[in-house]
Amino acid sequence: MIARAARRRTATPPPAGGGPVPARPLPWLLPVLLFVGLFYLWPIVDALRLAFTDASLLDRDAAFSTEAIGAMLGSPALGTVLRNTAIFTLGSVVGQILLGLAIALLVVRGERNGLRGMLVMRTLVLAAWVIPGIANGIIWQMLFSEAPFGAINSALRLAGLPPVAWLSDPGNAMMSAIIATVWQGTAYSMILLYAALRSIDDTLYEAAAVDAATPWERFRFITLPELRGALLVNAILIVIMTLNTFDVIISLTGGGPGRATEVLALFTYNTVFYNFDLAGGSVLSILLMAISLALAALVAAFLPRAGRR
Amino acid sequence: MTRRLTASTLALALAGAPLLAQEDMVTRDRVGPADAENALTFRLTAYDLYSSDPATSAAFEELFVDFIEDNPGWRIDTQLQTGNLSQEQARMIEQAQAGRGPDCAMVDSAQLATYKAAGILSPMNEYFTEEEIADFFPYVRDGITDEDGNMLAVWWFTDLRVLYRNTEVVPEAPQTWDDLQAAALATVEQGYEGILFNGARGEGTTFDWLANYWALGGELVDEAGEPVFYEGENRELFLQAVRYYESLVDSGAAPARVTSIATYDDMLAAAAASTTAMFVGGNWMYAQLQTTLPEEEAAKWEASELPGPTAEQRATGTGGWTIAALTDDPEKVRMCAGIAKLYLGPGNAFQGLLPTQASLYDEYDTYAGPEFEVFSAALENGRARPGVAIYPEISNQIQILLGEVMSGAAEPEAALDAAAEAVEAAYARQ
């Protein structure tokens, strides 16, 4: 009997790194599953359901239809909107990662050298992050104002430089929207990468110093490879957040001039609240989610796996 | 000493009691006693009872307290609308359809048709006499009644667009589009920005510009409510009005930055900074100019009717807000009509807003100023936006179209074709 029990124990060893798994895990997982299902999955399922109807904000009686899918995916504006979304996302993500990394490196380096004021610097960068998107858009709208008294253009004039059509020129308006988004989102990247930088083993840098490695070589062959996981996770999260951004844009440019800065999230919003087209908005929401998931999966494919670096 | 202090404290308490009582009667989410038997939910904007201007909020508090005292047993649960108009109004329709909407609400006159189409408004006829209903301006009466003659809302104030100018720089009011362009170019030569108007994504852009299209005789929709602005004669008139805006920017009479102007506050700021001598604004901005600018500067600003393609062809967009009942309970509809009457008469007179009933202009001294002569004359050519559910999308497409044309991203014809396609697709899905 004792021998059989001992055999059974050795036959099903507990998983590494965890305690014993209950024989019936479902009751333990049920609260979490219910919570996730209710608050995360149900809205997605509902959006999917609405996408296959002719639902409108003006009429609660919706019938099954695939018309909304055809209308939205065949919309002549969708191409421009997707192009805007791609430019906005790429510019914002690259900007946030590069600036976030630069500031994180600066702060870590400053802390290692005992430089004063690093905490203040971190806090200052974080201050931008806690500002709501709408307020961020309004702040930058005032800064980018092309009126003779506009803040940035006045500074340019003082420096003897010509003023810039920040918001009225279709090309510049997208750049302005990216700048406003990068300004706000950099803090998030900085914090993630700062934490990752702090966890890099100092002995690696000490060994590199013994080998007389240059700063660039230390960055290229130690910092970047060690940060790979954090950079990719950071990229996934920022891509998703940026794709969903519309608050900064609606208060900064409203999507204009024309459609110059109308991204997919704003187009979805306009479809629901101008056209009252709930079904069309749901189709676009699902499209937005599909793009987010595809991009996240693409980036995740490069994530280091356990046992492989 | 102690007795004197006690007496003083008592006197102070007695004197302050009514004030405290009134303060308790109006809170951030309620008017009336908290334990009142009946409650009416009222969704309002933040410009009167909860205005940031203490004088305005105090005046409305007094009106509301008097009203609640006249209706014992009632309290009003107030709900503030957000500044995001289109979202707020659309959300309210959805809530009303689900039975979770307010009992009474302020509805933008431009959105009223959508509410009517959704069938969520209760008639208010029995709380107004036939004379009172007949006293509304004709376009207002048309907007608030349905085919059966039911009065579905109270359009409590109207507004209109006019041309503001600094008379020291532009002494004579431009009468035609050509006059305006020449006057604006003359101000540019003097170092000003030229004429300013809304040109970014926002309802103000459509509304400012529509006056020009209407002055030409163009129509956005036909009698059946179907969009027609891109067809037949309307198409030519539409393009003519678009080219007028385009030429203002191309000639330098208007700065390119108009495509980034989405609020009238930008115009006010430019007037205060003396960087512009002319702008298209709402009638309410006359009072804002008087309070924002120093007295001698404010005196230089005058309003005049918007110029037309010719001096005889004029139009101006008229807007404003309504109060409507979204409940079937007759007692609540009565209370809602009572609130609307507060705004219609004394509320308008206090704020200097334009009432929608002709008799009120004679009833209150507020409307004796010379600016009201200009406004009432311009109202003769007033046009309301079409009361159809497709209007918000037409407006959205006009904003896109004007932005693209004025920023040089598209030619008027191509931009109109794209707008027509989008509006037709949206109309087919409604």
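Heads up, the Cβ atoms here are built off N, Cα and C, so glycines get one too.
Feature annotations, reproduced from TrEMBL:
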type: TRANSMEM; residues: A:26-45; note: transmembrane segment
type: DOMAIN; residues: A:82-299; note: domain 'ABC transmembrane type-1'
type: TRANSMEM; residues: A:86-107; note: transmembrane segment
type: TRANSMEM; residues: A:119-140; note: transmembrane segment
type: TRANSMEM; residues: A:173-197; note: transmembrane segment
type: TRANSMEM; residues: A:230-252; note: transmembrane segment
type: TRANSMEM; residues: A:272-303; note: transmembrane segment
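Residues 289 of the same chain lie 6 or more positions beyond the ends of the transmembrane segment (A:26-45) yet place their CB under 8 Å from a CB of it. Counting residues 6+ beyond its ends, the transmembrane segment (A:272-303) has Cβ neighbours under 8 Å at 44, 47-48, 50-58, 62, 65, 67-69, 71-73, 85, 228-229, 232-233, 235-236, 239-240, 243-244, 264-265 in the same chain. Residues of the same chain lying 6 or more positions beyond the ends of the transmembrane segment (A:173-197) and with a Cβ under 8 Å from any Cβ of it are 84, 87-88, 91-92, 95-97, 99-101, 103-105, 107-108, 122, 125-129, 131, 133, 136-137, 140, 144, 166-167, 223, 226-227, 229-231, 233-234, 237-238, 241-242, 245, 248-249, 252-253, 256-257, 260-261. Long-range contacts of the transmembrane segment (A:119-140) within the same chain, counting only residues at least 6 positions beyond its ends with a Cβ under 8 Å from a Cβ of the stretch, are 103, 106-107, 110, 176, 179-180, 183-188, 190-191, 194, 245, 247-252.
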